[in-house]
Amino acid sequence: MNHAELRRLFAACDGNQSGRVEYEDFTTVCRELNVPADDIRTLFNKFDLDGDGYINFNDFSSSFQEVSEALNLASLGNCLHSQRRAWDEFENTLDGDVAFYLGRQWDALSELYEGIHSTSDELLLQQFEDLIRALVTEIREHRMESEQLETSLRRTEEVSSSQLAEMEEDLQQQLIHTERRVREEEQKKLDESIAMLQIKHENELADLQTTIERLTKQYQEESKLNTPREDSVKLRAQIKDLMEENEELRASLMKAQMNVSILQVELDKLKNAFTDQKRQHERESDDLKKMVMEFQSYSSHIEMLQEMNKSLYDSNDGLRSALSQENASTKRQLSPRNEVLPRKMKPIRQSTMNQSSFTNEEDTLALVKCWAEKYLDSGVSVQSEMDAMSGIDYDSDDSHHSVETVHHSYSCVPSELEVSEVKPEALRSVARSTVGSISSSLRRRLSAFPVKQNEEDLLDTQDLAPVYRLVLAGDAGSGKSSFLLRLSLNEFRGDIQTTLGVDFQIKKMLVDGEKTNLQIWDTAGQERFRSIARSYFRKAHGVLLLYDVTSESSFLNVREWVEQIRESTDEDIPMCIIGNKVDLRAARPEGSCVSSIHGEKLAMNYNALFCEASAKEGTNVIEAVLHLAREVKKHVKLGRRSESQVKLSLHKRRKTLSNCCGV
C-alpha cells in the first residue's frame, strides 16, 4: 500500500482528526473489524513503538505490515478508497471548483456523501447529489451577484471621487483668483503711497537745494562786502547749520522709511485678518441660509400638521354629535307611539352594514360606526385635500353626494306588508324626517371644517368633473418633486428641496374628451415617511412609481414599493413605472444606467404601464400621467359596474326571500 493510501487509512482511524490515534479510536476501529477484545491492547502496543500512549503516522506506517493481517486494515483502506473515489467522481460532474464554493463544509459533505454511498441507498444518494448541486449553483449565483454589487459600488465611488476632485479644483482656482486680485489691489495702494512719499521727499530736497543756493549767493555777496576773516567765520557757521539741518532731514527720511515698513507689515496683517473674516462670514452666511430654509420647511409642516389635527378634532366632534342624534332618534322610534312603524322597517341598501333589520339600538350603533369609519378613510384628515376638493367628497350643505351617501346608509322605507297598514303620506314624512335629521347632523359636523370656496371652485364643483387620486412614489432622489413641478407649472428647478411628508397639486386634464381633475400627492421617499405614504396608497386610484435610471438601487427598490402598495390597497390599482432622468444617460458610461429593457420587463411582471421620462426636459411627463389617467378611469368604471351588479343581485335575492317568506 502506497503512502497516500496509508495517509487516508490513518485519517479514517483518527476519529477526532487530531493527527494521532488514541486508544479509544483504535478500540472503535478494532470492534468494527471484529477483533477480539483481548487482542486490542496487544495490537495497540505493537503500533505504539515509542510508548507515549497514542499512535502517530510514523508508528502507524512502520507497524502496518506487521498487524495488517490481524486487523484486515487493507480491506478497510480499499473500502474508504472506493468511497473517496465515488465522491471524486461526483465532484468532477459539477462545474467549477466545488471546494471553493463549499468552503469549510466540503469535508463534512464529502464524509456524509461517503456514508450515504456506503449504505447503497440510491434514492437518498440521488437526493443528496441534487441538494449539493443546488447548493453549489446558489452559492455561485450569490458570488456573481456580490461581484456585480461590488462593481457598482466601485463605479459609484469613482464617480464621487472625480466629482469631489473637480469641485476642489474649482474652489482652488477661485481662491487663487481672489488672492491674486487682493494682492494686486494692495500692491497698487502701496505703490501709490510710496510714490507720494517720494514726491514729498523730492520736494523737500528741492527746497533744501534752493535754500543752499540762496545762502551761497548771500555768502558770496557778504564776502565781497566784509573782510575775508569775518566771511570765513560766517561761512563756517552757515555750513555747520546746513549740515545740522541736513542731518535732521536725513533722520526724518529714515524715520519716514521706517514708518512705511511698519505700515506695510500692518497692511499685511490687515489683509490676513480681512481674508479670515471674509471666510468666516461666508461660512456663517451658508449656515444661516441652511437654518432659514430648515426653519421655513419645519414651519410649513408644523402648520400642515396643526391643520390636520384640527380637522381630526372637528371630525371627531361631528361624529359624536351625529351618534348622539342617531341614538335620540332611535329612542324616539322605539317609543309606544311609533311601535308599529320601526318593527316593519327594512334598509334600502345593506352593502355597508349587515343584513339584519333595524330592530334594536345595537344595530344602529354598528351602522353609525361603519359610517364614521367610511368618512374618516375618505381623506378628511388632510386639510389641503378638503380645500381642493370641497365640492366632491365633503361639499357644502347642498352637496348631492353627501346627502346621497347618508341616504343610502340610513334612510328607511316601509316593507311590503306595511303598505297596506300605514298611509303613504305618513311614510314619506317619516322618511323625510329621518333623512333630514341625519343630513342636519352631517351639516353641523361639516361646518367645523375651515372650508373656503371662491366662485371658481363653486363653478368647478357644479360641473361634477370626475376626480381621481394619483400618488407619486419612489426612492428619495428619484425626481418626484421635479416631475410634479414640471407637470403642474411646466418648470424645472435644480435646487428644489427634499420633500418632507407629502406635497399636493391638482392637474386638470382632458381624458378621452372628458374633463378630469387629478389630485397628485407627492410622498417623501425616505424610510421614516413610509408609514405616511401607505395611508395615501390606501385611497389612491393610481400610482406613479418613479426610479432614477442612473441609480440601480432605486430601480431595485421598485419591487419593495410595489409590495407596499399592494399591502396597503384592498385590490390591485393601476400603476405606471417611470424611469426618470433619461437626459443623464447620454453623459454616463455605457452599462452604468438602467436600460429601458429591464424597466419594461419589470413593468410586465407587475402588469403595469411603463415609460421613460425626463423632468428636466419635460419628455413624456404629460403622456405618462395621461395614460395612467385613462387606465384609472377604466378601472373605476369597471369597479362601479361590478358594484352595481352585486347590489342588484342582493336586491333581487332579498325580494325573492320577501315574496317567499313574507318578510
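Cβ coordinates come from backbone N, Cα and C, glycine included.
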Annotated range (Swiss-Prot: region 'Disordered') out of 144-163, 324-343, 344-363: 324-343
Tertiary contacts of the domain 'EF-hand 2' (35-70), as residues 6+ beyond its ends and Cβ separation under 8 Å: 1, 3, 6-7, 10, 13, 19-23, 26-27
Which of S18, S481, N580, the listed binding-site residues, has fewest other Cβ atoms within 10 Å: S18
Secondary structure composition of the domain 'EF-hand 2' (35-70) [DSSP: H/G/I, E/B, coil]: 25 helix, 1 strand, 10 coil
Entry from the binding-site residues list G477, G479 having the most other CB atoms no farther than 10 A: G479
Near-site residues: Ca(2+) 2, ref D48, D50, D52, Y54, D59, CB cutoff 8 A to centroid: R20, F47, L49, G51, G53, I55, N56
Taking residues G477, S478, G479, K480, S481, S482, N580, K581, V582, D583, A615, K616, which bind GTP in the record, the widest Cα spacing (Å, whole number): 17
Cα proximity to D52 (Ca(2+) 2 binding site), best match among binding-site residues G477, G479, S481, N580: G477
Among D48, D50, Y54, A615, which are recorded as binding-site residues, the nearest neighbour of D25 (Ca(2+) 1 binding site) by Cα: Y54
